[in-house]
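Asker: Take a look at what TrEMBL says about it:
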type    : residues                                            : note
BINDING : 97, 98, 132, 133, 134, 135, 201, 204, 226, 256, 282 : pyridoxal 5'-phosphate binding site
MOD_RES : 227                                                 : N6-(pyridoxal phosphate)lysine
Ligand SMILES: Cc1ncc(COP(=O)(O)O)c(C=O)c1O
């Protein structure tokens, strides 16, 4: 038994989250792709069966009221809220992340202009130039719609790009490719100092690390629920609008579900108060209630405990890679500093696509991001230290 195998055993024995793994449907594959699609929580299939057979099949239309379908978006939003550091009443679940990026960003430009007395002086949207593509595309469209210029800038240059023309800024908490964690508190403060509004994309941090939305005065945020929140493929996303901004939040997608009186069937739109204002149309109940069941794995778990284990897992993976992988064979593009690391490790190597195929064949599942990045996501609720050691060992064998 190697020293690292022994270390993994010790770390697993001391792991206070170890028992959580049994709440997921897993096999002997080392699953390091939870930053793309979280594993299936064991409670989900039974719940979906109940939703389909009993709630839909037997109660039918009554489920909208008696079964709590109508209020599911806010109820499930309130279940996610503590995981992202938000008090109740500010998070609503529904639509995709992409759609919520659009709502939040156009909403942010409108907030900035209202704050400036309705003028069009604020005519720039700043976006992370290295962002996940959907955010960039939507920021471009939001800019065209609002008469703004789009300014894509690398995250390290965001602060310098801000000024009295900045209306809104769209940033990623964790970079999807490198796993770099950006400094949400100081960037939020810088955007506010410029008189602008910030939208944070939390896809790679929600459920992986503390976000502190309320604590840091974030304006708006969006995130997906199919990665670290394990909601399932295409699970609905979430939208956070800070409580004191909700009355002024003017959604560019004002559907009947966000109307103050949705069943009044009125011709004029009157927005509802609160998080409901972020809704659009009829929610996707099957996915939404699968997500609600998935979130039960968080009972009794704090996001701080998850973060502590996440850092221990990524530290240990880096240690194993350093020990096992021939020097110079891969370049780690994820920062070493804890304050700059999300819950994934990205390694660059020229043949990354082939390497990942071989890893998957050998039961170590990460993913490949073009052109040359091997991504390994660490979900503390179901990944253990022995998994980490095995992944690094198999990786080293394939790279040798
Ligand atoms: C940072 C980020 N934003 C947005 C998305 C995708 O959004 P959607 O759920 O609309 O596909 C992803 C998907 O991986 C992502 O990583």
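Glycine residues also receive a Cβ, built from the backbone N, Cα and C atoms like all the rest.
Situate these features within the shown structure.
Answerer: Under a cutoff of 8 A between CB atoms, and with a sequence separation of 6+ in the same chain, the neighbours of residue 201 (pyridoxal 5'-phosphate binding site) are 97, 101, 131, 132, 135, 170, 171, 172, 173, 221, 222, 223.
There are 27 other Cβ atoms within 10 Å of the Cβ belonging to residue 227 (N6-(pyridoxal phosphate)lysine).
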Asker: So which binding-site residues out of 132, 134, 201, 282 are up against ligand 1, CB under 6 A?
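Answerer: By the Cβ criterion, which requires under 6 Å to ligand 1, the hits are 132, 134, 201.
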Asker: List the Cα distance (Å, whole number) between residue 227 (N6-(pyridoxal phosphate)lysine) and residue 134 (pyridoxal 5'-phosphate binding site).
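Answerer: Cα-Cα, rounded: 16 Å.
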Asker: Tell me the Cβ contacts of residue 134 (pyridoxal 5'-phosphate binding site) under 8 Å, same chain only and six or more apart in sequence, or just say none.
Answerer: 97, 98, 101
Asker: List the same-chain residues at least 6 positions away in sequence whose Cβ sits under 8 Å from the Cβ of residue 282 (pyridoxal 5'-phosphate binding site), in sequence order, or say none.
Answerer: 257
Asker: With an 8 Å cut-off on Cβ-Cβ distance and a minimum sequence separation of at least 6, pull the same-chain contacts of residue 226 (pyridoxal 5'-phosphate binding site), or say none.
Answerer: 37, 38, 232, 233, 234, 235
